[in-house]
Amino acid sequence: TMSSIMEDLDLSIAQFSLFGSLLTFGGMIGAVFSAESADLFGRKMTLWLAEAFCISGWLAIAVAKDIIWLDFGRFFVGIGVGLLSYVIPVYIAEIAPKHVR
């Protein structure tokens, strides 16, 4: 629950609110660059890039000892999710058989 997380990590309400909001902010940044990166690097490479952001973000959250690493991790996960929001539907549409589209 929210109160147990705040207590375990010694977070203020403002810090916890920022932690929750950074996923959305990172998602906006990732979504802005998702189409360009898909065109520049290709769909599959952009999927790998997005997963690298997600994995590095979760690792940062997992080993975080203070709020900075929690925030960086959450922001990186948001960037990854934002990249995936465009690339996955386009990639699925490209690989789906014609009769399914």
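Using N, Cα and C of the backbone, Cβ positions are placed for all residues, glycine too.
Nobody curates TrEMBL annotations by hand; they come from automatic prediction.
Marked as domain 'Major facilitator superfamily (MFS) profile' by TrEMBL: 1-101.
Residues 2, 5-6, 50, 53, 67, 70-71, 74-86 of the same chain sit 6 or more residues outside the transmembrane segment (12-33) yet have a Cβ under 8 Å from a Cβ within it. Feature annotation from TrEMBL assigns transmembrane segment to 12-33 (among others).
Sequence-distant neighbours of the transmembrane segment (45-63) (same chain, 6+ residues past either end, Cβ-Cβ under 8 Å): 30, 34, 37-38, 69-70, 72-81, 83-84, 87-88, 91. Annotation source TrEMBL lists transmembrane segment at 45-63 (among others).
Counting only same-chain residues 6+ beyond the ends of the transmembrane segment (75-93), those with a CB under 8 A from a CB of the stretch are 22-35, 37-38, 43-44, 46-47, 49-54, 56-58, 60-61, 101. What TrEMBL lists as transmembrane segment is 75-93 (among others).
Secondary structure of the domain 'Major facilitator superfamily (MFS) profile' (1-101) per DSSP, as helix, strand and coil residue counts: 87 helix, 0 strand, 14 coil.
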